[in-house]
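Chemist: According to TrEMBL, the signal peptide annotation covers 1-24. Among the features that TrEMBL reports, domain 'GH16' is placed at 21-215. Marked as active site, nucleophile by TrEMBL: Glu101. TrEMBL lists Glu105 with the feature active site, proton donor. The annotation N-linked glycosylation site is assigned in TrEMBL to Asn109.
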Amino acid sequence: MGSFTHYGFLMLALLFSSCMVTYGGNFYQEFDFTWGGNRAKIFNGGQLLSLSLDKVSGSGFQSKKEHLFGRIDMQIKLVAGNSAGTVTTYYLSSQGPTHDEIDFEFLGNVTGEPYILHTNIYAQGKGNKEQQFYLWFDPTKNFHTYSIIWKPQHIIFLVDNTPIRVYKNAESVGVPFPKNQPMRIYSSLWNADDWATRGGLVKTDWAQAPFTAYYRNYMAQSFSPSQFSDQKWQNQELDSNGRRRLRWVQKNFMIYNYCTDIKRFPQGFPPECRRF
């Protein structure tokens, strides 16, 4: 897996490094705490951030800046041990009843059982585009990089620079796509034991509290307006290595895909599913 990170996405990295504005590095400069009081903390001169959850409250933060298209990277080390009932979120979102949103959610589990990585996309206030995955590593032992590439023609979710999901713009068949509303970056750690682990059957063990997740090496790259008139850039997709790794993840680690849920859509799958 490690060698792929170094060279498998070289061309993709070069593509996204040109003509962009880059932010990142210091949590003091880039983020505000939004709730949870002293359960959210910044260490090491702004290089490390933690969120904690106890029986009284969780905690969260948001970016000072908004972004309209770009690439977002964050290294996260998730809650270790018995994390059942907890949810760690990391997402882009605008505000209001017709908001857009691009989600990573990490659903905790009992000790020794895998986290579930939940992804979703909202456009004009409507979501219901879930895909869920197991990870191919223990996300509590070390930091791992979780990334979103957001372009007018698609959204790519990546884990350690390996694509796990590509959601393509399907406006041509009447499906809204997030493209007009700037979004901030948000993260939170909270209790969701009414649904998070085995549909709510496993509750949070408060004897294990506080639960803590850690963040570092944040980077945001905003695409410049000149790139949107570049047809080659607009049409750029994953390279052959990226497509191969995407197939590998979806074959071996995907555990739910709304586009194959016949019970949920007995009258036919949503149009973006039929198209792709």
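From the backbone N, Cα and C atoms, a Cβ is placed for every residue, glycine too.
Mind running through what each feature is packed against?
Modeler: Confidence annotation: the domain 'GH16' (21-215) carries a mean pLDDT of 95 in the model.
Within 10 Å of the Cβ of Glu101 (active site, nucleophile) there are 18 other Cβ atoms, across all protein chains.
Summarising the environment of Glu105 (active site, proton donor), the number of other Cβ atoms within 10 Å of its Cβ, over all protein chains shown, is 19.
Within 10 Å of the C-beta atom of Asn109 (N-linked glycosylation site) sit 20 other C-beta atoms, taking all shown protein chains into account.
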Chemist: Hey, how far is Glu101 (active site, nucleophile) from Asn109 (N-linked glycosylation site), Cα to Cα, in Å?
Modeler: 25
